[in-house]
Structures are given as C-alpha cells and as structure tokens.
Amino acid sequence: MQILLANPRGFCAGVDRAISIVENALAIYGAPIYVRHEVVHNRYVVDSLRKRGAIFIEQISEVPDGAILIFSAHGVSQAVRNEAKSRDLTVFDATCPLVTKVHMEVARASRRGEESILIGHAGHPEVEGTMGQYSNPEGGMYLVESPEDVWTLNVKNEGKLSFMTQTTLSVDDTSDVIDALRKRFPKIVGPRKDDICYATTNRQEAVRALAEQADVVLVVGSKNSSNSNRLAELAQRMGRTAFLIDDATDIQEAWVKDAACVGVTAGASAPDILVQNVIARLREFGGGEAVTLEGREENIVFEVPKELRVDVREVE
C-alpha cells in the first residue's frame, strides 16, 4: 500500500497564532485562562490546552471578574466584544486576521447603509461573529448557504448591496452561490479579494491532487471543523472513498485493506502529530514509506499580540 501526503496540509497561520496566544497566556499568567468557544475546532488541540489550564466557555457571564479571556480564532460579534469590555477582564483576541478582514468589510457596509449578504453555514461561530458586525437598522444583513437561498432572498435596496463569505467554505460551492448572486442582483458588489482564505483554497487544491492518485483519502480533522469537512466532501465528489477522522484510532483496517494507494491530508486546525500517528497506523496495515506530493509553499505568519510575544521557555 502506497501512502501519499497532501501538500500543504495541517496548521495554517491563523491557527498557529491562536494556539500560541493561549499557550503564551498560560505561560505568562498561569491557569486558569478562559477562552470563548474552542480556540480552534480540533479535539486534540482543545483537550491538550484544557489539561494545561484553559477553560473553554460559551458565555462571557461564565468568566469571573479579573480573569484573562481570549476570543477564539473564529471571531466574535460586536455584542460579545462590548460585553467583555464592560467587565473587569483582560482580553486577548485570537481572531484570525483573515476573519477580521471580513469583519471590516461588513462594518464598512454597515456604516455606508449598504445591505450585506454573507455566504456561510448557519450556526458556525465564524458566521455568528461576522453577522454580528452589522448594526445599521436602515440596512440589513442576510445569510445564504446555497443558490436556492439566493433565489428566495428579498432585500430592501438592490442598488446598495454587497456580499462576503465565510473563510472556510468549499471554493466550488461558493463560486456557484456567487454566480447566483450576480444573476439575481446584477449591481451587487463583492470583495476586491476573495474572502475564502489562502489556507482553505490551498488545502482544497492539494486534496484534488491527492484524490487523483489515491483510492482512499483520510482527512485528519474534527467533526466540527468546517474546512476539514470540505476536504472530505471534495474527495468524495471526485469519486474517492473519504473518511474524516479525529486521529489514527478511528481508522478501520477494512477501509484500506484493498487500497493500492491511501492519501492523507489534514484540516487547517489539525496538528502534524496526528498525521504522523495516522502514517504509523497505516504502516501497521502494510503501508510503505509516506511520500509528500508537490504543492504550494506557505510562508505566511501572523504575529501574536505584543503583550504575549515572549519566549515561553523564559517563564516556565
């Protein structure tokens, strides 16, 4: 059995930054550190940080006065931000800068009185945070997930209308929704640069290349990870058997026993140690040395807040 690895895969710059913010805050201030929502959608990462003293909460009211609070990489609404400001809390923002970019687009539209349409998945924390940037009562903010949603949508003023997208969507699906928006609302204005982030786009491109060669594709990522789900869906659309797994223990030998080639990738919130464990598991089932495919080089780095820019080893 051949083992192929997608490239790129795993952690993106936004996830790296968010985890570093929590780790550095724990090192500097000590436990407990409160984090609103899972800092990233990965069970291994969240469990590891929880063991070190991070407490994951959903409501600001759960945080005691005087505590350290961190917003997750998915971002928060203005209402949540204002609630935190009203409390005696030290707040650090781990929102991915590429999510913040979309927040700024929504806030700008709100100030101008333009109505805005967000392409995204209902209930996802990034969507809730992005929708929560719009505050103009004279306008409106709408959520669509599919072309069908677009055709049933009614807005107040088609002449002052813009759209944005969640950063972790399927590139292909989003293109279909944008096409529908432009047909339904010919004057609609989109972002100058695509809101789907570089990491999402690159990982979907990489899984396409992987699925062209592999019989079975394993995507390392948690069930609540939007970008990981999109990778598994893409491989399945290409006619491959694909499984979304949290870790190597999820793999069943029956999945791969007849496969000549198994492809492995990982969502943007999945650490490389999980991929290495998957490789080891596949080798138990007769897999050979893992071969990494050629792919796009990623060298983007997002800095942590200056208050947390320390060598963690100095405070251990």
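Cβ atoms here come from the backbone N, Cα and C positions, even for glycine.
Since the structure is predicted, the reported quantities are computational estimates derived from the model, not experimental observations.
Swiss-Prot has this to say about the protein:
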type     : residues                                                     : note
ACT_SITE : Glu126                                                       : active site, proton donor
BINDING  : Cys12, Cys96, Cys197                                         : [4Fe-4S] cluster binding site
BINDING  : His41, His74, His124, Ser225, Ser226, Asn227, Ser269         : dimethylallyl diphosphate binding site
BINDING  : His41, His74, His124, Ser225, Ser226, Asn227, Ser269         : isopentenyl diphosphate binding site
BINDING  : His41, His74, His124, Thr167, Ser225, Ser226, Asn227, Ser269 : (2E)-4-hydroxy-3-methylbut-2-enyl diphosphate binding site
Whole-number Å only: compute the distance from the Cα of His41 (dimethylallyl diphosphate binding site) to the Cα of Cys197 ([4Fe-4S] cluster binding site).
16
Length of the line joining the Cα atoms of Cys12 ([4Fe-4S] cluster binding site) and Ser269 (dimethylallyl diphosphate binding site), in Å:
7
Say you check the Cα of Cys96 ([4Fe-4S] cluster binding site) against those of the recorded positions His74, Glu126, Thr167, Ser225, Ser269; which is nearest?
His74
How far is it from Glu126 (active site, proton donor) to Thr167 ((2E)-4-hydroxy-3-methylbut-2-enyl diphosphate binding site), counting Cα to Cα, in Å?
8
Excluding near sequence neighbours, so keeping only residues 6 or more apart in the same chain, what lies with its CB under 8 A of Ser225 (dimethylallyl diphosphate binding site)?
His41, Asn42, Gly267, Ala268, Ser269, Ala270
Please identify, among the binding-site residues His74, His124, Cys197, Ser226, Asn227, the one with the smallest Cα-Cα distance to Thr167 ((2E)-4-hydroxy-3-methylbut-2-enyl diphosphate binding site).
Cys197
Find the longest CA to CA distance in the recorded isopentenyl diphosphate-binding set His41, His74, His124, Ser225, Ser226, Asn227, Ser269; express it in Å as a whole number.
15
How many Å separate the Cα atoms of Asn227 (dimethylallyl diphosphate binding site) and Cys197 ([4Fe-4S] cluster binding site)?
10
Which one of the binding-site residues (Thr167, Ser226) has its C-beta surrounded by the most other C-beta atoms within 10 angstroms?
Thr167
Within a 10 Å radius of its Cβ, which of these binding-site residues (His41, His124) has the fewest neighbouring Cβ atoms?
His124
Integer Å distance between the CA atoms belonging to His124 (dimethylallyl diphosphate binding site) and Cys197 ([4Fe-4S] cluster binding site):
16
Cβ neighbours of Cys12 ([4Fe-4S] cluster binding site) where a neighbour is any other Cβ within 10 Å:
28
Restricting to the chain of His74 (dimethylallyl diphosphate binding site) and a gap of 6 or more, list residues whose Cβ falls under 8 Å of its Cβ, or answer none.
His37, Thr95, Cys96, Val99, His124, Pro125, Glu126, Gly129
Around the isopentenyl diphosphate site formed by His41, His74, His124, Ser225, Ser226, Asn227, Ser269, which additional residues qualify by having Cβ within 8 Å of the site's Cβ center?
Val40, Glu126, Thr168, Asn224, Ser228, Gly267, Ala268
Other CB atoms within 10 A, centred on Cys197 ([4Fe-4S] cluster binding site):
26
